[in-house]
Each structure stands twice: as C-alpha cells, then as structure tokens.
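Okay, structure first, notes after.
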Amino acid sequence: MAEDHHGSSRHMSASQKELGDEDARVVRVGDAERTNERLEFAGNAVRTAKYSPLTFLPRNLFEQFHRLAYVYFLVIAVLNQLPQLAVFGRGASVMPLAFVLIVTAVKDAYEDWRRHRSDRAENSRLAAVLSPGAGGGEFAPTEWNRVRVGDVVRVASDESLPADMVLLATSDPTGVAYVQTLNLDGESNLKTRYAKQETLTTPPEQLAGAAVIRCERPNRNIYGFTANLELEGGESRRIPLGPSNIVLRGCELKNTAWAVGVVVYAGRETKAMLNNAGAPSKRSRLETQMNRETLFLSAILVALCSVVAALSGVWLRNHEHDLELAQFFHKKDYVSDDGNGNYNYYGIAAQIVFAFLMAVIVFQIMIPISLYISMELVRLGQAYFMIRDTNLYDASSDTRFQCRSLNINEDLGQVRCVFSDKTGTLTQNKMEFRCASIEGVDYSDIARQQPVGEGDRIWVPKKMPVSVDREIVELLRNGGETEQGRHAREFFLALATCNTIVPLILDGPDPKRKIIDYQGESPDEQALVSAAAAYGFVLVERTSGHIVIDVLGEKQRFDVLGLHEFDSDRKRMSVIIGCPDKTVKLFVKGADNSMFGVIDKTMNPDVVRATEKHLHAYSSLGLRTLVIGMRELSQEEFQEWQMAYEKASTALLGRGGLLRGVAANIERNLRLLGASGIEDKLQDGVPEAIEKLRQAGIKVWVLTGDKQETAISIGFSCKLLTREMTQIVINSNSRDSCRKSLDDAISMVNKLRSLSTDSQARVPLALVIDGNSLVYIFDTDHEDKLFEVAIACDVVLCCRVAPLQKAGIVDLIKKRTSDMTLAIGDGANDVSMIQMADVGIGISGQEGRQAVMASDFAMGQFRFLVPLLLVHGHWNYQRMGYMILYNFYRNATFVFVLFWYVLHTGFTLTTAITEWSSVLYSVIYTAVPTIVVAILDKDLGRRTLLKYPQLYGAGQREESYNLRLFIFFMIDSIWQSLAVFFIPYLAYRKSTIDSASLGDLWTLAVVILVNIHLAMDVIRWNWITHAAIWGSIVATLICVMVIDSIPILPGFWAIYKVMGTGLFWALLLAVIVVGMVPHFVAKAIREHFLPNDIQIAREMEKSQDSHDVTHPEVQMNTMARA
Amino acid sequence: MGGDESYSKFTQQELPACKPILTPKWVVSVFFLVGIIFVPVGVVSLLAARDVVEIVDRYDDACVPANMTDNKLAYIQNPNISKDCTRTLTITEDMKQPIFVYYQLDNFYQNHRRYVKSRNDGQLRDAAKANQTSACEPEKTTADGKPIVPCGLIAWSLFNDTYSFTRGNENLTVDKKDISWKSDREHKFGKNVYPSNFQNGLLKGGGTLDPAIPLSEQEDLIVWMRTAALPTFRKLYGRIYVDLKKNDTITVRLSNNYNTYNFGGKKKLVLSTATWLGGKNDFLGFAYVIVGGLCFFLAFAFTLLYFIKPRKLGDHNYLSWNRHPAGR
C-alpha cells in the first residue's frame, strides 16, 4: 500500500509537468509491432491477483510475517525447537502459529482465487482490433489480453473500452463520442469526448502506420492527458491532444454507434488500474494506546522471566553439591562415552540464560497474540451491524453504509472535532436557479413568479425550474429593442453558451415534444442551462465546433471558436462565440471576486454597484452566486487571440500555463451583464444533526469553497451559527492586516474568557475565516495564533478554501491537540481532508466517488453522522476498550498462575497445566465469549444514546480504556491468580495429589473465573451471550476430558479421578468466590456511590423498560422515529 | 428490510435481552447468600478434618546409626551396612480402618523439569515399543546400548523403603493391592510389558523391579510414576484393615534404602484415616468459614452504606451535565 501512495504522488507530479520529448511515449497508430519493439509497454492483460500457485506459499508467508506479532510467535516457536529449551512438544508449540497462519492463508487463497477468476473473465473479453497487414481494414475479434499499445480498436455502443485509447473517429460526423465513467469515478452523467477533425475523415486503415502519437507516461490523473498526434505524409503537422480526446478503460461508450481509437495505455498502465489503490490504512487510537500497555505487559513478562531466571540461579548454586546424586536431577551422564560428562547441564550461567528463555516460552501469552485476531473479528462483526443498520440506510439513493476501512471502528466513539464540507454534504448539491440580477435590476421577487408555460414548447429540459419570473419573460419577449431587453437576451445567451453541458435528446411520450437531458460535470451549469431553457434559450445540440440554441423558438447556430475551461486559479471560464450575425462575442462567467477584477467598472458604475448589492443579498439568503460578463471582440482582436490560442494549444512545453495566459489576456475589460443566484438546498435533518453533535461535545467546523456571506447564511440555516454567538471574522487582503486581525481576535477571546469566569453564562464564539487569510497565516507561521483562536471558538467556518487548505486546517488541529478529528465530504476537493483526518467519511451521493474511494466509511446523508457516532461509535469504542482490557487481564491471570507454580518446581518452568491446555486457553477456552460480547453487548440502548447526546463524552474522555483501568485490571488479575493458585495449593499441601489432577483443577478454575468475570461485566444478556459464556466453560471441560483420555499422556484419566472427590468441587467454589469478591465489591461501590453518566442512564433505561412493558406501542413509535 | 422478524431484530441489535443491574438489594443478597452457604460448609469441613487421625514419623535421620550421623551419604551408599531400622509409634486417637499408610518425601522435586519429562509412556503400554526410549535421557539405555524398560529418571528413581507393622505380637498386614489408579493399571501400564535392563547402571537411583512381573502389576512403580504436583508429597504405600485403639503401640520395621541424604530431603512415614475431604487438612474449613464470615460482614457493611448514602436509581439529576450545568 505504502508503495502505491508514493507512486501516486510521483505520478501526479509527472502529469503536472509538461510533455518533454525524452519521457514521451511514442505510439505508432495501427502498428503495434513497431510500437512495442522495445518491449517497454505493458500488455493489456490485467492481473489483480496477488499470487500464482507457485508463489503463493512464500509470498503469503512473507506478507503474513510483516506483522510483528507473528514474528514474536515465530521466534518463540523456533526457540522451543532447541533441545535445551523444549518446553512444549513440537505439536503444541507450533500449533497456535500454524493455526493463525493457516486460517489467514486459506482466507487469502480464497480471495485470490476469486480475483483470478475475475481476471480471467476480464482478460478473455473480446474487442474488435484492426488486423494489420491484411490491408483490407478488417476488425477481427481479439481477446482483451492480446490487445497491445498501438492497436486500433473499434468499440460499439454500450461496449466497455478495453484500454485507454485516443479517439480517431466516431459514428458522429463531428467526431463526438459519449462515455459513461461510472466505473471510474462513479459519476453517472455522460462525458463528451472528441475525435480530432484531422483523423476523423481518414479511414483507420490509412492512418495505420502514417500517424504517430507522443503522449505522457502512464499516470493516475484521470482528468489529465497531454499528447500530440503527428501525421506523416504531406506537411508534417502536430495536432494537440488533451483529456477530451482520450477514452479510458472501464468506461462504456454510450449514445454513439461506434468509435475507433488507438490504444495508448494498456493493462496495468491504464489510468483505471493505476487508480486501483485500496483504502488508506489507518490505525485506531485505541490500538495505538494498546501498544503502550503491550509494552507494559512486555516489561512484566521480562520481570517475571528475570525473577525465575535469577531464582533458578540461586537455587542451582545452593544445591550445587546436592544435585549430582539427587534422583530428580541426575546431573551426571553415565552412559555417554566420556562417562563423567554432565547430562544437559552447562553451568549455572548457561542454566540462567536457558531458564530465562524457557520462561519467555512458557509465559508467552502474557502478550495476547490472539487479541489481534479477535480485534479483527470484532471489527468485522461491528462493521456488519453498521452496514445492516436501517438507520444508516439512505432510501432516496438506495445506498447502504459502507465500511471501507476495518481498522478504526472504535475511533468513531472518540471524535471531538468534525470537519465538514458544505456543498453536497450539508446541502443536497441539487442546484436550482432562483434569481438573477440583470443590468443592475434585481429579479428575485417571489411575488412575480409564475409557473413555466409549457404551451408551445418543443424542447423540454428534463429537470426544469418550476417557475419563472414574469417580468423577465415579458422583457425577453417584448422588450426586443430596449437596452434592458438586449441585455437580458445576452445574459441568457451567456448562460446557454458559456458552459460545457451536452444536451441529449430523448423521445418523450408526446411525439411533438423532445425531452432534453443536460449532461455535464457541474450541477451549477446544469441549473443555469436549464434556467436559460426555461426562459426560452434552449441549448439543443453541441458538437466540438458549434452549438445550436433554440432562441425563443428560432434555431440558431453558434460557432464555438474557443473555450477557456474553468480552473481554480482564475475561478472563471469563458467561451468565444461566433454569432449568426457574424459578430464574435466573449462570454465569461465566474466567482464574483475574480470577475470584478476583470470587469470594466467605468463603463456603468451604477450597474456594478447595484449588482454588488444584489450579490450580497443573494449570498445572505444562502444562494451560490455567479457573475456574468461579456465583450464583443473586434476582428483584429479575435485574430490576434486566435493565433495566440493555436500556438498555446499546440505547444509541447507549458501548454497549460500558456493557455491560462491567453485566457487572462482576453478576459478583461468586460461589460457586466448580471449575476445569478442558485439555491443549494440543505439536506434532510442537517440542523438537528448539528445540534445533536454540539450537545455531544463535538465541535463542528465547516470548510467550504463558497463565499463568506453564503457560508454564514448556510451556517445560520443549519443552526451552526446562532444569533447569540459573537462572530470573529478574519478576511484580510494582506499579511499585515491578517496578522492584525488575528491579534485582535486573540485579545477578544482572552477578554471574553476573563469575563466568563466571573459570570456563569459564557458567550459562544464563532470564527469565520476565509481562504486568503488562511494562505497568509500558513505562510507566515501564525498557525499557533490561529489555533489559539480556533480552539476557543465553538464554531469555525472557513470559506473560500482550496482543497489542500482543507487538509491544512485538519492538520492544524491534529498536530496540536490529541483531539480525534473526523472529516466528512463528498467531492474530489475533500479527498485530501478525508485522508488527513483520523476518520474520513465520504458522502456517497451526487458528486462522484473520489471522496468515497478515499474514505474510511461512506454513507448517504450527513444526518447519519449522529447515529454513526453517538450510537455505533459509542458502542464500538466501549466494546473494543473492554475487550482489550479483558484480553490483557485474561492472559495475565493465566500467566500468573503458571508463575506461582514455577516458584514451586525449583524454578524449572514445569507446568502442571498440560501444554495443550496452555495452547488452547486463549484460542478455545476463553476466546469466543470475549468476541461475542465485544460484538453484541450494548452498554446503553440506541434511544438513550440519541436522547442524551452528552453520553458520547464517555468516549472523548477515554472512559472505557485508560491506564488507570489497565492497572485495576492487572491488580485484579494478580489477586485472582493468587486465589486460583494458593487455595488448591494450601489444601493439597502434603497430599498425594499428582500434578495432572492439580493442573486440571487450575485449568478449570482459571477458565471459569475469567468467564464469570466477563459475565459479571456483561450488560445485556441475550441467548447468544449465554451460549458463548456457559458454552465456553463446557467446551473447556470437554477439552480437558478429551486430553485426559489419551493414555500416552502422563495425565491420563486425572480429571475423572479428581472430579470424583468432594474436595475438588469445594475448592472450585472457593476459588471462584474468593477470586470474584474484590471485583464484585469494587463494582458495587463504583456503580452505586460513584456512578458515571452511563450507569445513571442504564438505570433510567431499566425503569423506562418496565414502563414500556405496560405501553409497548409507545416504544414502537419512538423507535420508528429514531 | 424486515421480512424475517427475528433476523431483523438481530441485525438491528435489538435481540430480546436481560439487563441486570447491581441494585443494593442484589449486592446484599449475594453476600448474604454466599455467607449462608460458606459458613456451614466450612464448619462441616473443619469437623471432618478434625476427625482424621494422622500419625507422622520422620525416620530418615533417626535410622542413621549413631556413628555415621556425620556422613549419612557414606552410610546410605555402602551396600554392606544393613539398612534395617525399627520405629515405635504410639496411636494418639482411635483409628478406624482402613488406615492408609503413606510415605512422605520433603524437598523432592518430582515436578522438576528434567524429571517429569524423563519418561516414555508409549514404552510402558506396549511390549513392541520397548525400543521407544525417546525423552528418557539420561536413563535411556544401558552402557552397551540396550533399551531400559521402564526407561527414564522417574522409573529409575523408584522409591524403595519398605515397612512392616506389628502391634505387640500381632502382625498388621499391609494390603498393597489397589494402591494405584485402576485406569493406570488397565490402560497405561502394559500387561505384557516386563522390566528389562532396569537399574543396571553405575548409579542406582532407587528400587529394582522383578523382571517376571508385568508393569501393570508393579503397583509401587505405578504409584511412583504418577508424579506429584508439589515438592513435598505423599504416596500411598498400602492400607491396613485393622482398627487401632488409642495408646496402641505400633512397631515399624523398615528398610531405609532410599537416598534422600544427598539433597537434604526428608522421609516420613504417615498413618492416617480419611474422610470425604481427604486427609487431615483444615485449611479448607478455615477458608470457608473466613470467606463466609467476610461475606456476612460485607452484607452488613453494604446495608449500612446504602442507608447512610442512599441514591435514587436512574435519577437524571445525577447526570454530570445536570449536576454542573455550566461545567462544559
């Protein structure tokens, strides 16, 4: 994974560089032989499978041993194979490791087999490839894995593209092809791609061998492509190729009968495959903390081993002279040749070392290896319940909750800071044209709205605004010659032309009417074009060279002479249109701050002033605003531009920069036409969700690309901002003023803080800051000051922020506090923030899938954050925290019991408990209940958690897992091990008890004790919990009986013998009671005299339940609402 | 969703469940109940342990002739010195038959790692596996490489002191049948496995075995090979089916063969009666009485505490944000 990430950044930077000759890839069209001469291009066979039958064993083992825990396992198993250290038999010592390895290997093998199968299916699909040499120009069906770079491929409608191809020709005479990129980025609308005019007319077989494409190296950027096409013969010309000329593997051809293209990237070098990186791997905070306690446990382990080793040294020294003849030691070896050598005795120093290593082997489960596997299983179970939760299911888009990362479920319970995108996350991203300001006149009066007249329309947009402004309609229809009327026409003409929308004509139920589906990448543009259509400027057709607009019932053709696409530096786009009346017009639309820079304000200052006022008003209503300007170009100006444009667009080096320069050069001295206001509706339940999150002690930050007024008004409408809040606004245009306002803000915060200590009522603060100021702050190392202000505020609103700044803001908090951060967003611009935050959540809705692909969890609606965090997050955290502590405790108890016994065996690491029981202890005897409880137990019900969001604070305060609890558990563990060991020990002192019988008693006592400990902490008992806990005890008894039924084991029949004595049962009962008393007393005191919120809420829930029994229907109702 | 009601209850985590809460009533009842069970059981066990009569006689030092007390090792290692020894025991209380005769070894680490591992259970069961002596080091084969049956340190160190008892002139027969586990005789030690090459080495660890008797009938060996859990242990030697009276004098004739002098071990002879609880050990009784008493105490302590500091269950005024409204 890590490799992939590095790879990606390298590729990204490569794609941003311009195409240089030395690293260009040369593709000879239709001549795959010569293209692949040097064998440097990948074939089209894809291979997602990791292993082949031959490599499976070594590679899989290699990957598994990347986990440190497994290496620990392995080292211990290897140590145990040394004859001097052979504590366990071969079988018992290798079993746990083998078990884990085999389970994982089987899982991996199954997954890989499925990948192999899908690879085979994918590779054996058929594509029509132009067969070279034949000359007849025939397309022969070829398997996908035989397609090579340079092949000319023909694709029919609704077929998938086998590789990344440059379009040469399509069924459309103008060379347009539509592709659906659903598999690539999840966007369901069609994208337009063009074949170049120059190749369109030549039959493909003639192009073969005559054309050469030079393109950049394979990279991950699916929105970028730089190449040029060189046609041999005649005058050698270089034709520029861009992202609109390439179609990518994984897409489907739509609404186009056929398309012919030449393969430039194949197989694993296609952009789809390069983007096939898995979800980012994050680590949960609990796991990081757990590693700290694991270190403690290692220290305890080393201490125990050192004690044993040291004491064994002392013992050997004290008995140095005795041991020669002691029957149980037999130091001398009389059989071997030299007669007087020692048998298996290498001097005290060596014996101490051996004792230490043997102690490590015997006490190995002090570090609970099984915990890692348990945690994975538990997360799987938790993920299952989150995915299945009907409260996280979005019926409107039919999307379920997705768990993309299985490592951080429990982080959801500790979030303190939520960073939210606005558009598409808080709002629906279903844009609707609301109002316009044309030539300084505001048309936003609701009173004048009228329903769209459908009377004599031929073209009906699929998603049309429901109403239009009566006055504008009048103006357009009748005010033809007035100044205002002309402006209004130009305004709507600008809306209809200045975009990249593709109209698709569909047949409606009424044969006289055509339904138009506007396909485009920006929902704002769709809204604007639909609005233009509603006012009678219907975009009907688009090819690469012209568009057709139905202007108030009359079809007109406009030539698209040039198009400067939107980029985030300019924040505007423009088109140059050749109108039917032979004039050339430049239409520009863009964000207001960028537009007012290029508008000639001297031309009509009143209009500019009025428009600015209207813009302010619109954004206060929460509308997204765009400013539209235009300029008529003179013939010379146009020609000058055209030369510059052509030069720039065929340039090999720095094409993007040159084009930006050309655009900036022409986009100036514009005349202001007007502005539009588009409404972006709030998603369902957003204000309530934000309120709940705030009650839960979670800070909500909104990071948006919108302007300040829009952001603030949305802030109010979603209850993020309230009237009683004091707003601190930082929007500065220079470094100095920025620093100054930051200092002001700090002094204000401090003043308010000192005030609030006196009076109880604290003034809530809100910080509003814009992207420019953020740039200055991050540039000039004032981050600390910003942090100081931000952390004092209840709400932070960042507007006009660029994608990378979003990540910077998240990092600001992440670096300086230990607060858990969560980022939620839906668009490509949120990816960096989602990956930066501790928890990244993607909204799987309108804008595509990049955010989802980068996220850890994905869901349909913002409001699902509330049940996700407050309910599932709370449960996951509480369950996982308890499970980790319990696993530590459980294994430590067992180890301590072994330790006490070792002290009575001459420090020789003998265990009375059979080696098989030692091995099975954490695998079978006690594993299932903790996993079941960690998946199913609930400390509080869903309703309670939603009713009292403050209960979420338990996770933020780390109440379920902390060092104090760990120490408590360890003390308990020591006490219980003392009870388990010493009660039978004292009772059986000076008796005939054999080690197997005593070992069996200890085994059962430990297992019952730790299971009862768990049972005492279980909060909700359902039948599965019962089965797991009591079943485990029965399973242990059965295992012990089976082990004792094997005659060649020394302990044969011991359990049956010892179970027949009353003493056994009396001791078992005594061990359990004595072991549990401290835990029970502590629990009783804690729950009654020092209750935490969760305890109180549990009691409330209990009394509520008894109430509900009498009124069951009430419960059903509230549940349905929850 | 929906469909199967119970399935959806499962996926929505709404399975019917019992949610016990540790109310004061529960806490006090639990302690009270434990007390009520533990104290009587403890008393009964104490009484039972008191009923057991146990006579312990340490003889390892006493059986060394007076002139050799400085060099016990020489005494025990010299085969020419007679190891016979006579001890007199006085019965302190009436003893009902059966009376168990044990020998007790102190500081003998039968659970020492070198020792417990040194055996081969396959060899003991099956005559065909006589050569299977793995894990039996260092008593695996004789010097000339013949396999020892039974091999290993445990068998090699077989305890070999013998006892015979007389009361006045009456011989008290010691019944040595059935002193081992039936399961061991039937399944663990073969009926057709005979000792061979046993105790032929330079160093004798302990007793010898009659090569004509199969292992399944060598009960002393079987008992010895059930290794003890703790370094001080007893092993059953036999039973005497005669009631003994208080102040009876028992003469024990023993042969003090087993060498414990080299490692400071002690040898004791134990005569004891038995109850359902085993031998004379009142630890269990005390433990039960003390734990039961403690639970009674805790029951009262908690009752008192609950009266002094009562709390209404589930009162939302106790929620932290209600207690400190401005705390956040």
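Including glycine, each Cβ sits where the backbone N, Cα and C put it.
Automatic, uncurated: that is what TrEMBL annotation is.
Taken from TrEMBL, the feature active site, 4-aspartylphosphate intermediate covers A:D421. The Mg(2+) binding site annotation in TrEMBL covers A:D421, A:T423, A:D826, A:D830. According to TrEMBL, the ATP binding site annotation covers A:D421, A:K422, A:T423, A:E525, A:F566, A:K589, A:R624, A:T704, A:G705, A:D706, A:R800, A:K806, A:N829, A:D830. Positions annotated as domain 'P-type ATPase N-terminal' by TrEMBL: A:29-91. What TrEMBL lists as domain 'P-type ATPase C-terminal' is A:852-1092. According to TrEMBL, the feature region 'Disordered' maps to A:1-23. The transmembrane segment annotation in TrEMBL covers A:68-86, A:92-110, A:295-316, A:348-373, A:888-907, A:919-936, A:965-987, A:999-1016, A:1028-1056, A:1062-1082.
Overlay of TrEMBL feature records on the structure.
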residue	record	Cβ neighbours (10 Å)
A:D421	active site, 4-aspartylphosphate intermediate	28
A:T423	Mg(2+) binding site	25
A:F566	ATP binding site	17
A:R624	ATP binding site	24
A:G705	ATP binding site	24
A:R800	ATP binding site	24
A:D826	Mg(2+) binding site	30
A:N829	ATP binding site	23
A:D830	Mg(2+) binding site	32
Those binding-site residues from A:F566, A:G705, A:R800 that fall inside 10 A of A:T423 (Mg(2+) binding site) by CA distance are A:G705
One should report the C-alpha separation between A:F566 (ATP binding site) and A:D421 (active site, 4-aspartylphosphate intermediate), rounded to whole angstrom, as 21
Check: min Cα-Cα distance from A:D826 (Mg(2+) binding site) over recorded positions A:D421, A:R624, A:G705, A:R800 goes to A:D421
For the domain 'P-type ATPase N-terminal' (A:29-91), the DSSP helix/strand/coil residue counts are 32 helix, 0 strand, 31 coil
A:R800 (ATP binding site) and A:D421 (active site, 4-aspartylphosphate intermediate), compared by Cα position, are separated in whole Å by 12
Report yes or no: does the transmembrane segment (A:888-907) come within contact of the transmembrane segment (A:1062-1082), defined as 3 or more CB pairs under 8 Å with a sequence separation of 6 or more? no
A:R624 (ATP binding site) -> DSSP, reduced to three states, gives strand
Among A:348-373, A:919-936, A:965-987, A:999-1016, A:1028-1056, the most Cβ pairs under 8 Å with the transmembrane segment (A:295-316) come from A:348-373
The mean pLDDT across the domain 'P-type ATPase N-terminal' (A:29-91) is 80
Counting only residues at least 6 beyond its ends, the same-chain positions whose CB falls under 8 A of a CB in the transmembrane segment (A:919-936) are 88, 92-93, 95-96, 99, 365, 368-370, 374, 377-378, 381-382, 385, 879-880, 882-883, 886-887, 890-891, 894, 1003, 1006-1007, 1010-1011, 1014, 1018, 1020, 1022, 1024-1025, 1028-1029, 1031-1032, 1035-1036, 1039
Record-listed ATP binders A:D421, A:K422, A:T423, A:E525, A:F566, A:K589, A:R624, A:T704, A:G705, A:D706, A:R800, A:K806, A:N829, A:D830 have a maximum CA to CA distance, in Å, of 25
Nearest to A:D830 (Mg(2+) binding site) by C-alpha distance, among the recorded positions A:D421, A:R624, A:G705, is A:D421
CA pair A:R624 (ATP binding site) / the residue listed as 'active site, 4-aspartylphosphate intermediate', Å rounded to integer, equals 15
Near the transmembrane segment (A:965-987) in space but 6 or more residues beyond its ends, with Cβ under 8 Å, are 293, 296, 300, 885-886, 888-889, 892-897, 899-901, 904, 998, 1001-1002, 1005-1006, 1009-1010, 1013, 1063, 1067, 1070-1071, 1074-1076, 1078-1079, 1082
Same-chain residues at least 6 beyond the ends of the transmembrane segment (A:1028-1056) with CB under 8 Å of its CB atoms are 914, 916-917, 920, 924-926, 928-929, 932-933, 994-997, 999-1000, 1003-1004, 1007-1008, 1011, 1014-1015, 1018
Between the C-alpha atoms of A:N829 (ATP binding site) and A:D421 (active site, 4-aspartylphosphate intermediate), the distance in angstrom, to the nearest integer, is 9
